[in-house]
Amino acid sequence: MSGSDKLPGLASDAVLKQSIPVPDSFVEIKGIDYSKDSAYNMKAVDLIESMKNMGFQASSVSQACEIINGMRSWRGKHIDSLPEHERTGEFDDEGYQKSTIFMGYTSNLISSGLRDTLRFLVQHKMVSAIVSSAGGIEEDLIKVLAPTYMGEFSLPGKGLRDQGMNRIGNLLVPNDNYCKFEEWIVPILDKCLEEQEEGMKKMGSDGLNADSPACWTPSKLINRLGKEINDESSVLYWAHKNDIPVFCPALTDGSIGDMLFFHTFKASPQQIRLDIVADIRKLNSMSMAASNAGMILLGGGLIKHHICNACLMRNGADYAVYINTGQEFDGSDAGARPDEAISWGKIKAEAKQVKVYADASIVFPLIVAATFASEKPN
């Protein structure tokens with residue numbers, strides 16, 4: 001090595017490499033300047049707007065809000081200008097086509113306090129249809145019967161089991177809650193079975209079609225449970241009241257599955273039957289009828305794929321917002337970015353789409369505050 005004080009050319013070229021001229025389209029990274037008066041006690045809408053050029057997941061959260069506002073504000077043709085066969089999907093109060101918004105969420109989000117946010121959306125008819133895992137059905141009902149409590153992630157499982165306490169992350173659900181759930185749901189299942197049997201007796205030449213009183217589906221049972229719970233704190237109550245279908249293709253995967261299993265013995269030899277084929281026809285038909293389709297998917301797995309696959313039936317959704325923490329290296333559905341769904345035809349190539357890598361319990365209340373709840377509902 002030379003003792004010269006001259007900067008080595010190799011190092012100089014590597015460290016001081018010249019950039020191309022910055023394109024006019026580049027946006028400068030900026031955050032929130034709390035030294036300005038406008039930043040104090042900032043509204044959610046303004047906070048989200050200030051996060052737009054912050055980078056990382058802050059920018060993705062802001063983009064998610066833009067996409068949700070886009071699906072909410074989209075308007076198509078007036079119903080009077082459409083031929084009869086095109087008068088499908090949803091229309092606003094003035095008769096213009098509007099987006100059909102599919103919302104999916106996993107059960108843990110209903111177990112958490114996010115349930116109240118989800119209930120708000122259903123209460124005010126801000127979504128068109130829901131897909132949930134089984135826990136998202138039962139936990140909503142159980143919370144009417146008895147509360148869920150704060151715990152800690154680190155509580156030992158053996159001690160909790162001895163105490164009859166079930167842990168969901170840092171939430172605690174006394175096992176007595178599930179006993180109360182059984183006491184509440186069994187008489188309802190008895191009545192549903194009775195109605196199904198009556199429908200079977202009256203079944204005519206049309207056979208067992210989807211409109212038959214003898215045909216019970218998961219969504220029909222969920223609607224009935226929402227009616228029977230009759231409590232305004234419940235998501236399912238408002239779904240029933242506002243005629244918003246709630247689909248749960250894995251309804252047996254949880255406590256409600258336990259109750260259905262137990263009921264097959266109590267009701268022997270007759271057993272209630274639920275038709276999942278009629279439900280997939282109903283969900284897919286909603287998608288095909290939609291003049292514009294948006295997806296808001298909180299979590300991954302079954303709830304995410306079920307909605308994405310329904311949107312395949314119309315050659316893809318027009319808007320998509322994913323919120324989950326899944327990574328794509330293992331090929332999981334939760335980890336897949338929206339671009340993977342584009343390859344399958346489940347999201348349109350030109351769709352507005354984003355994946356927010358975050359815990360939905362943190363970011364979704366903020367997103368709702370800046371979109372659906374930015375103004376008081378009528």
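Here, residue 1 is simply the first one shown, and the rest follow in order.
Backbone N, Cα and C atoms are what each Cβ position is placed from, and that goes for glycine too.
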Swiss-Prot has GLU138, GLU139, HIS305, GLY331, SER332, ASP333, GLU340, ALA341, ILE342, SER343, TRP344, GLY345, LYS346 binding spermidine. Which one of ASP80, ASP190, ASP243, ASP258 is in the same site?
ASP258
Restricting to the recorded positions SER107, LEU109, ALA134, GLU139, LYS346, ALA360, which ones have a CA within 10 Å of the CA of ASP333 (spermidine binding site)?
none
Sparsest-packed among the binding-site residues, when each Cβ's other Cβ atoms within 10 Å are tallied, from SER107, SER111, SER343
SER343
If one measures from the C-alpha of SER343 (spermidine binding site) to the C-alpha of GLY326 (NAD(+) binding site), what distance in angstrom results, rounded to a whole number?
19
Site of maximum Cβ density within 10 Å, from binding-site residues GLU139, ASP258, ASP333
GLU139
